[in-house]
Amino acid sequence: MSHLPPAIFLMGPTASGKTDLALELARVLPCELISVDSALVYRGMDIGTAKPAKALLAEFPHRLIDIRDPAESYSAAEFRDDALAAMAEISARGRIPLLVGGTMLYYKALLEGLADMPSADPALRAELEARGAAEGWAALHRELATVDPESAARIHPNDPQRLVRALEVYRVSGLSMTAHRLRQVAQNPLSDRSAGEHLPYTVVHLAIAPTQRQILHERIARRFRLMLEQGFVDEVELLWRRGDLHASLPSMRAVGYRQVWEYLDGLLTREQMVERGIIATRQLAKRQFTWLRNWTDLHWLDSLGDDNLQRTLKYLETAAILA
């Protein structure tokens, strides 16, 4: 058995049932929850992020939820620092960190560390975002392919946040993200390892999703419409009326929030907002699946399984996570 303390990653696409399973595990295991979700960090963004209810958060506290105002940014590097601190504190008390969420870049940052990259340039970022809105993101993707084909191959044309960051790195430094990573590997060969040497834990990797993609699509559509019934538009309108927020902020680029914001701006009808919100959520799920397909040592669970808790506990025992 490894001498490293244990940790559990519970991953999966949006609307797959990650949170429900995590809460079941928290009821029976000596574990504490850490959110791995780039939207749940924001206060006042509850309905559209499917944030656990306040009563559940009181019973089962989640680290890294409600830690930023929507006007602020939150990077993968900040997440890594915060998550490592939370994991160390949980482990020091003899308990198991259970990380749950679908922001796959955050998991990757934890496992592999992050290459040193230039700081953000707000003016340049605003320029690139304006170009993407005017010319279409496919145009920026083609531009990225000319200066950093490796990153372009990894980044989907419908992923504006990563597109903008990759182009920003090149414009600021004159080096592509790929070149930065290669330079870091040359300086420290261990930085290219992907088996978790940067994370001093014995990690069990779990993923949950329906076995049929159509079932996930139906769950996504049903959940988005339920969010609207629960007051999602009113939630976004409170943010929209603040006056200090805008559509280009990372918080307002979150799936669903962008579409409702455009509806409030009069750019979409309600019907268009609903349709585009559902499509954007499906595209997010597709990107999450792409990450997960390339993940190693991943134990899959079926969202519709009626014995996921027992199956997970049995797997954790087999993996020697449970004493």
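Each Cβ is built from the backbone N, Cα and C atoms, and glycine gets one as well.
Features reported for this protein in Swiss-Prot:
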type: BINDING; residues: Gly12, Pro13, Thr14, Ala15, Ser16, Gly17, Lys18, Thr19; note: ATP binding site
type: BINDING; residues: Thr14, Ala15, Ser16, Gly17, Lys18, Thr19; note: substrate binding site
type: REGION; residues: 37-40; note: region 'Interaction with substrate tRNA'
type: REGION; residues: 161-165; note: region 'Interaction with substrate tRNA'
type: SITE; residues: Thr103; note: site 'Interaction with substrate tRNA'
type: SITE; residues: Arg125; note: site 'Interaction with substrate tRNA'
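One way to see the shell of the ATP site is to take the Cβ centroid of Gly12, Pro13, Thr14, Ala15, Ser16, Gly17, Lys18, Thr19; the remaining same-chain residues with a Cβ within 8 Å of it are Gly102, Ile208, Ala209, Ser303.
Of the recorded residues, Gly12 (ATP binding site) and Thr103 (site 'Interaction with substrate tRNA') place their C-alpha atoms 9 Å from one another. With a threshold of 8 Å between CB atoms, the same-chain residues lying at least 6 positions outside the region 'Interaction with substrate tRNA' (161-165) that come near it are 125, 128-129, 132, 137, 140-141, 144, 155, 177, 250, 253. Among the binding-site residues Pro13, Ala15, Gly17, Lys18, Thr19, the ones whose Cα sits within 10 Å of the Cα of Thr103 (site 'Interaction with substrate tRNA') are Pro13. Long-range C-beta contacts of Thr19 (ATP binding site), restricted to its own chain and to partners at least six residues apart, with a cutoff below 8 Å, comprise Ala50, Pro52, Val100. Between Ser16 (ATP binding site) and Arg125 (site 'Interaction with substrate tRNA'), the C-alpha separation comes to 33 Å. In the region 'Interaction with substrate tRNA' (161-165), the DSSP tally of helix, strand and coil residues is 5 helix, 0 strand, 0 coil. Among the binding-site residues listed (Thr14, Ala15, Gly17, Lys18), Thr14 has its Cα nearest to the Cα of Arg125 (site 'Interaction with substrate tRNA'). Within the same chain, the residues at least 6 positions away from Gly17 (ATP binding site) whose Cβ sits under 8 Å from its Cβ are Ile208, Ser303, Asn308, listed in sequence order. According to DSSP, the region 'Interaction with substrate tRNA' (37-40) comprises 0 helix, 0 strand, 4 coil.
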